[in-house]
Each structure stands twice: as C-alpha cells, then as structure tokens.
Amino acid sequence: YVYILWGIFVAIAKNTLYGCDSPLVSALPQSAFTSSSELSNSHGPGFAKLNRRDGAGGWSPLNSNKYQWLEIKLEQRTEITAIATQGRYGSSDWLTRYLLMFSDTGHNWRPYRQEDSIGAFSGNSNADSVVMYKLQQPVIAQYIRILPLHWNPNGRIGLRLEAYGCQYKSDVVSFDGSAHLLFRPDPSDSLADRDVLSMNFKTLLNSGMLVHMEEHSGHSFTLELFRGKLLLQLRKGRGSSADFHPLVSLGSLLDDQHWHHIRVERIRGLVNFTVDKNTQQFQLPESWSHSEINEISFGGTSAAGLQKSHSRRNFHGCLENVLYNDISVIERYLCLSQGNVSFTCTESIDVPVTFASPGSFLALPWVSGGESASVCLQFRTWNRAGLLMTFDLQHNAGTLWLYLSEARARLQIHKTGRIMTDITAGASLNDGQWHSLELAVRCPDTEGGSGCRNPFSVFQGCMRLIRTDGALVDLIRVQQMLFGNFSDLQMDMCGIVDRCSPSRCEHGGRCSQSWSTFHCNCSATGYSGATCHSSIYEASCEAYKHKGNTSGFYYIDMDGSGPIKPQLIYCNMSDKAWMVIQHNNTELTKLKASSGINQHLAHFNYSADAEQIQAIITQAEYCEQELSYHCKKSRLLNTPDGAPFSWWVGRSGEAHMYWGGAVPGSQQCACGLQENCVHPEHFCNCDADSKEWLNDSGLLSHKEHLPVRALAVGDINRSGSEAAYRVGPLQCYGDNNFWNAAYFNKETSYLHFPTFHGELSADISFLFKTSSSSGVFLENLGIKDFIRIELSSPTQVLFSFDVGNGPLEVKVETASALNDERWHHVRAERNVKEASLYVDHHPSAVQKAPADGHIHLQLNSQLFVGTASRQKGFLGCIRSLKLNGKTLDLEERAEITPGVTPGCPGHCSSYGDLCQNHGSCVEDHSGFTCDCSLSPFTGTFCHKDVSAFFKPGTSVTYTFKEPYKLNRNVSAQSSSIYSDLTLRGENVSLSFRTSQAPALLLYVSSYYREFLAILLNRNGLKQVFRASGRNLANGQLHRVSVQRLGETLNLIETQTQLFLIAESGEVDPEIARLNALGFTGCLSVVQFNSISPLKAALLYPDTSPVIVTGPLSESSCGSSLPTNPYAAETTHSLAGNAINTRLDLLSRVSSLFRVSLCCFSGVIAVVIFVSLAALAVMARFLYRRKETFQPQEPKAEKTDDSPETPFNTDPNSQSIISDNQKEYFI
C-alpha cells in the first residue's frame, strides 16, 4: 500500500509505475462519466476528477447506499496500471472501501482482485489526501467502474479519482464457429529447438478448438477449450484411428466473455503451458523433442480433424495478439482464412446477475396474457442446493417451488401443507457450467412470489437470459430500480469463482467447493489439515523410536510438508534406529562361466525412489551397504596394477573401483586395507585367481556414493570360473535433524536465518524445554505482516500473525505447566483457510481465516529464533526446528553466536518413561538408550521378553559368586549376570505357559539346606489360601511374582489368583519327584532379585556363571506378555492377626533364611527346571536349618466362608505336617 499527498504524488508515481503511468481520466470530457445517481447537478459524475474543485468538488449520489456506482469510459482499450482516489473537496464525504470493476463493453463487469481473493480496496481517511494503488497485474479495459462499499459514517459518498496507464495495441480476429485461420510458418523464422505460441482469447461458449498444430511427421498438437478448461493434447499420426491424448488441463470458467492469456513454450522436449497466471510444466515424448511445426490452424480445423476431439466443434469467439515465435499471425500475409473470419471482435450483450449472499433475491412483476405462461433462464453455481424461483399459481392452485436439491432440479407444488406435484430433472448441476432451464406453467398469479417464506436453501450463483413468456427481462432497468425489486445482487456481472483452479489442496488432496469456500479431501494422501499440508508421518525411524515404537514397517516422510512423498520403510529398532531400504535382489546371486559373455551387469531397483533415498542419506548420521563377492578362479579388481574386472555404480551414476570395507578411490578390498589378504601381493582375496573358493566382503559407508545402483562383474568367461555376489539393503541410522538443538542462556540471545517464505502455506514445528515462564520462540516481520510463536505463560502457547487482515491469535492452554524442563512439541500451521496450533497431545486450537481476506504472508526481515525485538526472549532449549519441512541448522549458527550453545542434554527427563520393565534411561549426546541390565527383558525399550521352550531333561543352573570377587572388572552390560548378594528379602518373578501338572518351575537352595521352590500342583493342599481354583496348566501365559520383605510375604499373579499352602517334612519327596519328571513348556522373563538367570543363559552364556543341561534356545513363546507385566495384578499379604500362629513361624523362618543368606560365604544355585504345568500354582518356600526347631501349635482354623480366613482346609491334600519341622509352600 502507498499513502501519499498530492504534493509529492506525481514524482513518486513516475518512479514506481515503470513508464506506463500516464493519467487517463483528467483529460476526458464530462460525457465520459456516468453514475447510478447524483445528489444535484453540481454533484454530477463529471466532477469526479482528481484534485479538481469544479462543481461541488466531486461526485456524490442521491442516496448513500451500496447500490451506487461511478463509471468512466476511456477513449479506447487501455492498459491500466494504477488507481488513485480522493474525497469530495471541502466536505466530509469520502469512501473508506470500494470495489474496482473493468469492462470492454460497459457490460459484463469483472472485479479486480488482489491476491486472487481480495475484491475491496481501502479508501480515504479524509477529503483531500490521495490514496493510490499500483495494480499487481495491469488490466486491459475501456470502462472503469467504482462501487462504494463503505464511506465516512459522518458524511456521504464522495469521490474524485484518477487512473494511470498507457496505450494498448491490439490485433483481433473473430470466429463464428465454422471458420478457421491457416498459418504456415516460414522455416527460416523458426528458433533453434524452441517454439513459443502466445495469444489472448474470449468466448461465451465453453467448448471449441482454438489451435491445431501439425508437424512434418504427421503428429499434431491441439489446444482445445472443453467445459471451460483448456486441454493441451497430442495425437500421433494422421490416420483416422489416431486419437488425441490429453497432456495437461489448465484454467477454469474460461467461457466468461473476458480475455484470457495463453502461452505455450517448447524448449526441446520440455513444455511450459500457461493460462493466465497459472503454469504447468511437462515432458514431451522423445519423438517430439526436435520436431518442426509445419502448419497451424487457429479457430479450429477441418471437419475430419474435429471428429476425434472432445468438443467436436470449432471455436466461437475472439483471438487477440496471436504471436508465433514473435511473429504476429494476424498481420502476416502467410495466413489463409477458411470461412467467415472477421478482424474485429463483436460481442453479444448478455447481462448476468449474481446472487452472492444468503440474502440475495430478485422479485419481478409478471402479468401473463394467456392460458399458459413460461419462464426460461440460465444459471451456474457450485452449490448442490438452492431455490431458483417460486410463485403462486392462479385460482389458489398452490405455490410452485423450483429449486436445486442434491445437484438436481426439482419442482414441487405445495397446497395446504401437501405436495401436489414433485418432479426432478438433470444431474450434477453444481459443476459451475451454464445450464438452461425452461418451465411452462398454467397462468400464474400476478402477485409473483413477494412475501413468501422460503423453506429451501437459498440460491447462490449466476443467472442470465431470464425470460418470462418469451420476453427477455431487462436487468439494467432492474438495476436502475425502474422495474421489480432486488436485494444484495451484483448486476451485470457473474461473480462465480473457481476456488479449485488452481487447487489449494496440496499433496494430491481432492478439491471440492461451494459458492463461498472450498474443501480438501485428504484421505489416502498421508497428509492432514485444511489444505492437506502437514504430513501425518514421522521424518525418520529415530523419530518413531522416540515415540515408543518398536521394530516394524513405518511410513517415513523425510521432508514433512515438502514435495517428497512418504515411503514405507522397515525400521529396525535396536540400540540404533536403523532405516532399511530393500532392493530387488538382496540374495546371493551365483554366476558360472558362459562362452561369449564377457560381463554380467546387474541393476538394483530400490523400494524408495532416488529423491527419497537422497533425502534419507543426507539426513542420516551414518549409512552402510554390504557388498560381497565370492570367487573361484574369478578375479575382482585385478590388483595391484591391472584394470579392474568388476566395479559398481553409485547414486550419481559414477563407476567406483573400490570394494566393501575399503576407502573410496583405493582400488582395494577390505583385506588390502587391513593387510590380511590371502596373498599379500594382492589387495583383494579374489585377485589371487585361486581355484579354491574365496571371498571379499565388507561394508560401503561413504554416504555420497550410496546406494549401489548397478554392479558389473567381468572375469566369468574362463573355463572353471565361478562367482557369486550379494548387494545388501541400504541401511542408515540417526537423524541429524531430529537432535539438532540450541540452548539459549540469555533472554537477549537469538539466532538469525534468511526470511521465511510461506506465502500461502506455512508450517512451523519444534520441540522446546525451559524453566522460564514466558519467552518468544521465533518471529519474522514484514512491513506490516508478521508471524510469531511464543510461550506467553507457563500454561499457554500463543501463535500470532498478520497477513494484512489485522493481527490474529491462536492459543493453546494446557492443564499442566510447560516450563518443567521436559521436551514439549509445538506445531503451528497457517494456510488460506485457517490457522492451527498443536502442543503435545493437548486439544488443538483453530482460527478460521476471514472470508475474501488477504491470503499472502509477505515478510522481508530475517527470521529470528529467539527475538531481536522488544519482546521477552527465550531461555532454554529449542530442538528440531522445521519450517515447511526444512530443518534449520541451529547448531551451526549457535557455534558462532554469543549467548547460544549448540546441543542440549537432558533427554531422559522426557523420554525415560519409554524404558519399561525396570530398564534405566542412559543419557546420550543425541538422545538416550535404555539399560536393560537389571531387567529380565531386553530390546530397545526393555520391552522384549526373553523366553525359552523347555523339554524334559533341560535345565539352567545359575551359580552366585562371592561379592568381593564380582566387583572386579565387571561391565555394566554384565550386571544382569553377576550381582552382590546382600539379601534382606526376595523378589522372584517369572512367566510360564504349559499344559503339564504337577511341575517344578524354579528352585533356589544354599549350602545351609535353605531353599525356595515354585511349583505347579494338580490338587490343592492343606491350609490353602485361594480366591479361585482355575486350571493354570491351560497352555496360556501366566505371570507369578513372590515377594518377601522382613516378615511380610506377598503373592502376586497378573491373571488369576494363586494358592498358598503350609507343609513340613525332613526331606521334601515331591520336589525330588517333580525334578525327575522334568518340565515341558515355556518360561520367560525369569528374575531373582536383580538376577535374570534365563536371560544370562540365552544371551550371555560365555560370560555368565550358568550351566545349561539339555537343549536350550531362545523362543518367542512368551511374546503375549503385556507391555507392563505388573498391570492389573492382585496382591495377597500374609501379614495380619488372622493367621498369627503361622505368621509367627513364618517370621522366624524368614529371619533365619535372611540371616544365613546375608552371612554365608558359600554358593547358592538357582535352577530352572522345564517340565509340564497344571491346575494350581504354588510358590513354596521351604526354609530349613541344620538344627531343628519346635514351632508353635496352630490355632483352630476358621471355615472357608469366613472373610477373615486366608487359609482353608482342603480334604484332598496329600501333604503331611510333622511335629518337629514345618515347610511352607506358596
């Protein structure tokens, strides 16, 4: 916007309008000015000249309302580049907002739109200052019309104006639908490998062939208007069977009788196709790359040539300034007219009317002079529903309603609440095309439809050619309020806009529209939001890992909202998050000698395209690809001095002569680099040309050369030569963008980057952590526009911006404080429809964009991370900052910026919860890892159970060693193998799956004959505490946990209740018997305090004190274990007065066991026996000493019905309690 006073207006205007800046209005006679009305003769339109004081000092209409207008007729069609306005001199009358309209004929007006959306211009703030606008796109027209929208509320409409521009040269030709113009280019005028065709056209018909071009070989191009869109098509050959193949479609609603610009530029095989301001680019077939145009037909072609076209008709309308390779076709005498061709543009005058709002209506008086009456009209709309017309029938026959319903025309006659007639016709009438409607009725009432209530949706669209009883309704008289009545109509123009051309829906989203807005269907695109802008997928396996995901296939979108498509990629979540990109041949491929074949060439096609792979490699911290060659009398690189027989081709298409494990450019294999080849004089094992099988294998890890695109194997044509090769999948880990972070240690510190360009769509995402209560994360300013994201309070994130419609704010409130030094994720998006803000998983906030408002975000300053303005800066860390899918390198800028430090530690505070099952979080420079050494689980998040399937005869024995010996040279990785035994209690847990009962699951013993056993028993025993007696030997997975601390013993089972029994005896024969039977079933996640004996036996058998008897291998039989093994568990405590006698005994025994274990210096063995499991689970603690003791006698037992009884009597028990010693089974 440019605001200037008249004293400096001329100088500035001449410097800003680039030469086409001559005043167009000031020299016109008063007869060139017309208006809707005038307040008096001295307020007439002829006085509306800028800076003139003639008459009353400007134009003012009789009434100040939105139906007034001022019109100016220029001397001829002119290029208009700017408009300037003033109020009426010496008054309180001026416009504050207005519409600017243009026309060639004084009818069929077209509004000028800024940014394709803004129809209104801001006007004046007083009567004397001048406000000038330079038009973003110059307009060619002879008529200018100003429509006041708002004016000074303390005055009237008042206006003086000037338009600026220059003369416009125009050569036109008109076609009547049956003629065409033939042009044969002079070969000497042709440009080398380049052809350019440009022209303007206007028409009222939505279909017709504009241009037909043929080249010497018989191939042809056509430019055809079809249903209001331009199709550029290609046809191969001249035969009758040759059909047109559409190459591209562009434009919409081009049958509006306004000029539209076309440009087709071909540079070899590349074509740029432009319609008005929209351009598409595409590649021609190879046969067309160097063709020469032989003949061009404008306005159509012969009847035979039309048969294969879509429209099957020639063009009816006007062409202007037709240029082929800068040669004016209309002026050149090489053109031959075929049929009735006119070199002037004659136009029919159709006066359309636009129903632009829900309050729009048109009421016409109608008196029929006969027994029947008819109504005809044409309409076009995007809405599926809306009332077209209604009136009362004569003789109280009812009310006729004609309306659109589900995009079909429907006629109903209502009378006394009943539907007398119901007829439907047509389909898809909301396609934006003109549709004709004819209605014949019996003598309607003369009162028309005034005063009726509309039970249907209002019609929003355009109508024209309205006829009643065959007579055309004069809408100009209606506009002058001489005939009929109306409200909120746009007369003499069709204001329909195609909001889906060009489509604002991104990434393949499907656009649909109504009269006032558009909608994007983002299903199956991988993107979300009002315009399908934001990706729903993560940018790397690293990002998925830090959301708690385990190994599997995931869609990866490397650039978020950028143009690269998402790709399904396998993520191998180990200590690193590996991205695995497969190709079509990762298996070992064998080759044998073949006569006549000197070389074998293999090409590799990857599951991701080249653009995706390049983005993956660039973003990754490290990439590798296995390359191996197995040989028998087949040389590889022919080292040390020969020419290589084999090589591989990398990403850029360059051949590489080094092999896996060697460095680029070395012409060596891994053994040559390590100096351990079979024959030291060669740098590859296979170059020894041995008759024995050898191999050269290794990893390629130079990122700039990966992946392997092709492999050439040469020495395979000799007799006896054999070879085999393997190219593994491309594997990458790490995400340089995900961990790119900076720490701001001063409120005044900031990082600056180039201006953010997000004119129509902008998304910003990042993670932050802070202890500060507020601060600006980032901001970018323009002259007036700006964009800013800030922490406005500990519980509020604020996204604010201005695109010219005034500042808007989007806020997200959180229930908990965000300044908790944990990572929080923020994503803000702004597009032409709305602005949205997301913070972590809190409900998002959305702010709709104003209708017909500014849509372009215009920034010109640097982007500041932190703030350089007077706003409060940010204290804390910002990480992974992305703008429209591109990551800003915060660390690079932070290294050279005072007050900002690259990187930001402390990830466990945010991601530590991902470590499950007692795994501990370990900080890393780029992220974290889970230490599973104290957990019976393994895997990235200590989530993977360690299971084994046991058969009779299989056992695992774990031997505890003395603490002072174990503390020497013990790594963190082995802490699950060795442990300091200072036992004040026991915590034993395991999961099992079996169909065998009885069975012994776990047994712990010491040299002091103290022992613990967990058994499955078929029958309940005496003194059983149980809540249910379901069969646990049912082949399902169950988890058992036994805990003792001091005198309290807890029994836990996640899915069922357990049994507790008490029993004594010198030697337990049942354990010996069950041990002899063995165990058949699955055991998993076995833990004794901090010891995981099964994990040690399976994963670290060489470094752990375990003895495995019988076959043992890792299995997935325990994989149905829940992620949290302690969820929904039931705990029974044995501490309480209800069992005080047995508690006494148990306390004594527990204390003895605890003391002896703490003081012993011998060896305890944990033995896991694998056998069959059954109906009841018992964890049996059998505590024994060398000397015997005399326990107290038990009290009388309560009945099973008592809620206080933790034991009940089982009459089928097989156990016997002796007087001199007791044993306890749990």
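Along the chain as shown, the residues are counted starting at 1.
Quick reminder: no glycine exception, Cβ is built from N, Cα and C everywhere.
From a predicted model like this one, the values you see are computed outputs, not experimental measurements.
Listed features, source TrEMBL:
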type     : residues  : note
DOMAIN   : 13-166    : domain 'F5/8 type C'
DOMAIN   : 170-345   : domain 'Laminin G'
DISULFID : C318-C345 : disulfide bond
DOMAIN   : 351-494   : domain 'Laminin G'
DOMAIN   : 496-533   : domain 'EGF-like'
DOMAIN   : 532-583   : domain 'Fibrinogen C-terminal'
DOMAIN   : 740-904   : domain 'Laminin G'
DISULFID : C877-C904 : disulfide bond
DOMAIN   : 905-943   : domain 'EGF-like'
DOMAIN   : 965-1117  : domain 'Laminin G'
TRANSMEM : 1160-1183 : transmembrane segment
COMPBIAS : 1190-1201 : compositional bias 'Basic and acidic residues'
REGION   : 1190-1226 : region 'Disordered'
COMPBIAS : 1205-1219 : compositional bias 'Polar residues'
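Taking the C-alpha positions, the distance from C904 (disulfide bond) to C318 (disulfide bond) comes to 66 Å. For C877 (disulfide bond), other Cβ atoms within 10 Å of its Cβ number 22. Under DSSP, the residues of the domain 'Laminin G' (351-494) split into helix, strand and coil as follows: 8 helix, 71 strand, 65 coil. Counted over residue pairs separated by six or more positions, the domain 'Laminin G' (170-345) shares at least 3 Cβ pairs under 8 angstroms with the domain 'EGF-like' (496-533), which defines the two as touching. On a Cα basis, C877 (disulfide bond) lies 67 Å away from C345 (disulfide bond). Simply put, out of 13-166, 532-583, 905-943, 13-166 has the most Cβ pairs sitting under 8 Å from the domain 'Laminin G' (351-494). Just so you know, of the disulfide-bonded residues C318, C345, C904, the Cβ with the fewest other Cβ atoms around it within 10 Å is the one at C345. For the pair C318 (disulfide bond) and C877 (disulfide bond), the Cα-Cα distance reads 63 Å. Shown for the domain 'Fibrinogen C-terminal' (532-583): DSSP residue counts in helix, strand and coil, namely 5 helix, 21 strand, 26 coil.
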